[in-house]
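Engineer: Feature table excerpt (Swiss-Prot):
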type: DOMAIN; residues: 55-84; note: domain '4Fe-4S ferredoxin-type 1'
type: BINDING; residues: C64, C67, C70, C114; note: [4Fe-4S] cluster 1 binding site
type: BINDING; residues: C74, C104, C107, C110; note: [4Fe-4S] cluster 2 binding site
type: DOMAIN; residues: 95-124; note: domain '4Fe-4S ferredoxin-type 2'
Amino acid sequence: MFPMVTGFMNYGQQTVRAARYIGQGFMITLSHANRLPVTIQYPYEKLITSERFRGRIHFEFDKCIACEVCVRVCPIDLPVVDWKLETGIRKKRLLNYSIDFGICIFCGNCVEYCPTNCLSMTEEYELSTYDRHELNYNQIALGRLPMSVINDYTIRTISNSPQIIIK
């Protein structure tokens, strides 16, 4: 055959192949158009956190025996434990306990190794402030229970698990 005719045949085949690829990509795009959106509208919708979510640490002052295990197991020596030795009863008395959440890596070692279970992880994750010094929580701030996302009537909660529709 003539080289010009073969060139036109190759060009025609390439054009058909390109149109097929564009059509396949367009079909994939159309199949995604029917799906629900993945993103959530954050201030008005919130995800329900899992049971094992590691949020802000909750501290119970009455249970703490000032053993400082939490300080020893913390990779960055973060919790500040101030105590005084009571000579009459030969026990430590806790004076102050604080954690700076601007530095905390939320590893959960302090909660896991606490012998009296005075530390626990909450589902609170909204810790943003304009001043980093406000992230230093003392025992009073650590003792406050966070408001649950489920109980907040102004917010629509969205489950983390994928929705299964049974037909």
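Using N, Cα and C of the backbone, Cβ positions are placed for all residues, glycine too.
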Engineer: By a simple count, how many Cβ atoms lie within 10 Å of the Cβ of C107 ([4Fe-4S] cluster 2 binding site), its own Cβ left out?
Structural biologist: 14
Engineer: Which residues, given as numbers and ranges, are at least 6 beyond the ends of the domain '4Fe-4S ferredoxin-type 2' (95-124) yet have a Cβ under 8 Å from it?
Structural biologist: 49, 53-65, 67, 69-70, 73-76, 78-84, 132, 135-139, 142, 145-146, 148-149
Engineer: Same-chain residues six or more away whose CB lies under 8 A from the CB of C104 ([4Fe-4S] cluster 2 binding site)?
Structural biologist: I57, I76, L78
Engineer: Looking at the binding-site residues C64, C67, C70, C114, which sits with the largest number of other Cβ atoms within 10 Å of its Cβ?
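Structural biologist: In terms of Cβ crowding, the pick is C70.
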Engineer: Among the binding-site residues C74, C110, point out the residue whose Cβ has the most other Cβ atoms within 10 Å, with all shown protein chains included in the count.
Structural biologist: C110
